[in-house]
Amino acid sequence: MNHTWLCVLLLLNTLIYCGHSQGVPEASVNIVSPQEPLYTGERVILQCYIPEYTDWTYFWYRDNQLLSSQTRKTTTITLPDQAGQYQCRGKRTKWPESSFLSPNHPISATDRPKAVLSISHQWMNPGDSVTLNCEVKDKGWRFSWYKTVPYRAGLPSLLDKSYSVEPLSGYGTTEESYTLSPAGPTDTGGYVCRAGRGDPVYYTNYSEPQCLWSGDLQSSVSLRIGPNRTQHFTSKSLSLTCDLKGNSTGWRLMRYTETGVKSGCSPNWGSITGSTCTITSTYTGDSGVYWCESGSGQYSNAVNITVSGGDVILESPVHPVTEGDSVTLLCTHRNQPHTNPKADFYKDGVLISNETTGEMTIPTVSKSDEGFYKCKSDQIESPECWVTVRVPPGSLVSISLSRLLCGLPVVSPFLLVSILMVKYCRAGGLCSTTKSPEEKLQCDDEIKQTESSL
């Protein structure tokens, strides 16, 4: 009999032990916020999740080492210093007295992301709407929009301190786009965006700046080019003058080229006399966008200059043309600058004129004359020019950006033409006869510029 009771007690013990063992809850480590991927500099909230029972005291482990100071259900870490393999378990005074140790949950960080800014069109026609679009590769961000101004201590600035930034009104939004409507002369300049998430807010790096330019002459200052054309041969002299009006002071010449943004008239690319910068011997690397900029961030008209290593260029006016004006296009040889041999002129790739004098005149230009122009002489082609015509205020025809944009030869490394009009848009390629007018000019906060030319 005693033997029978002993067997029963042993059986009950076994059943109770097995039941308790089967009732031990699982634990797991979850990320509460932010959502993955996680980035360098972010604060991350982790949670030890035990689905059953209450009154747990939590124990946290990183890389198999107990974090003695962490006993709450959630713990906050900062990346990348506290990255690693995280585990947790719970303990309490009642049965079950402990959970299982959770599986390893790896927590790591990638480099701080950088927002990408795009702009609907970069050569502005006053009165039009311009849309800025900011992108980050993952979701859950709020977007902030800024305009660049000359560097000033005390203002948020780009990493290289080339510019400070000022927020645009209503700049914090979950929308990925921001519209300047209507855009006007005061909107010319550079723009950047960035995105933020979490509390406290974690920000991406600023985007590379995108520039909004105008070819229209401004009331306070204008940029004059000598010779007065947008295309130039290599190994020639080129002068650029900030023509000040009234009491304008503090202006400086700026340019974006394939080597980045430059301010003033740097000794390695020009010499300064008064308000004129002279490049004594041009080369293709001098191609880019030039303008004058004040200490308060005002812009003059911008001119996109092409320096060609070819033997033929197409001369055209630097500043905008208006419907009704007379426009002359001149086909010029490098080695015959004072004589103009026979030239063929093309519009949108179609031969429109054979001229024995090397020049073609449109006596009364109209909107129908808009398009890509080039010339050919002695079987040598010039770069293309995009001719856009301004319609005077009050005209029944809608206004569009008015200027002449000349493209570089197809062999140039940074041919990007940005034009509002898409009437004659062409697909693909780098500023060749297939160049799309909607391609964008870019400038960047690390002094590296995706090149553009007219």
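Easy rule for this one: first residue shown is 1, then count along the chain.
Just so you know, glycine gets a Cβ as well, placed from its N, Cα and C.
Since we're looking at a predicted model, the values are computed, not measured.
TrEMBL has this to say about the protein:
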SIGNAL    1-21  signal peptide
DOMAIN    25-108  domain 'Ig-like'
DOMAIN    113-195  domain 'Ig-like'
DOMAIN    276-375  domain 'Ig-like'
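Secondary structure of the domain 'Ig-like' (113-195), assigned with DSSP and counted as helix (H, G, I), strand (E, B) and coil, comes to 3 helix, 39 strand, 41 coil. Broken down by DSSP into helix, strand and coil, the domain 'Ig-like' (276-375) contains 6 helix, 50 strand, 44 coil. Here the domain 'Ig-like' (25-108) is broken down by DSSP into helix, strand and coil counts: 0 helix, 40 strand, 44 coil.
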